[in-house]
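What follows is one structure encoded as C-alpha cells, with my remarks underneath.
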Amino acid sequence: MHYLMFEPDSGGSSPSHNDQENTVLRRKKKRRCLMAQMQQRQAANMRERKRMQSINDAFEGLRAHIPTLPYEKRLSKVDTLRLAIGYISFLAELVASDRAPDPHLHPPNHNDTNRKVIVRSSRMSVDSVPHSLTWSYVRPNVINGKVTAKTWVPEQQKRQ
C-alpha cells in the first residue's frame, strides 16, 4: 500500500512523479535480480562443464587401459564400460587361475574353459561393429624357467 503525502512547499512533487520513481526503483531492483540470476546460471553452467570434462577425462583414461585393435573407432562410453567389465573379469580369472590348485587333481569344468562375450552398442549404426571378448584357460608352459602366456586382445566380429 502506498501513501502519498502532499506538502504545499515541497517544490511541486506530484503523485505521478512518485509513481515514476517507484517504477524506476522496481526496474533497477528487477535488473539486479536478473543480473544475479544470470551470474548464478553462468556459474552453474561452468560447474556442469567442469563436471562433464572430468567424466570425459576419466573415460579417456579408461579407454587408454583397455586393449583395442588399432583401427577401431573411438569407443562410446557404454562400449568402454562394457569392455572394461569384460577385461576386468578376464584379468580376475587370470589371477584366480594362477592361484588355482593343480589341474591334474581338480580337472577344469569344460563348460568354463571357453567363453565369449559380445558387446553391442545401444546405438548400433550401419557401420558399427559389435566388440567380442573371447578367452580360454590353458595352463601356461614353463620352459627353462620361463612362463609363456597369451595376452588379451579384442576379437573383431565378422560382418554378416
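Please read every residue number as a count from 1 along the shown chain.
Placement of Cβ uses the backbone N, Cα and C atoms for every residue, glycine included.
Nobody curates TrEMBL annotations by hand; they come from automatic prediction.
Taken from TrEMBL, the feature region 'Disordered' covers 1-27. As annotated by TrEMBL, compositional bias 'Polar residues' applies to 11-23. Look at TrEMBL and you will find 39-91 tagged as domain 'BHLH'.
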Helix, strand and coil residues within the domain 'BHLH' (39-91) as assigned by DSSP: 42 helix, 0 strand, 11 coil
Rounded mean pLDDT for the residues that make up the domain 'BHLH' (39-91): 91
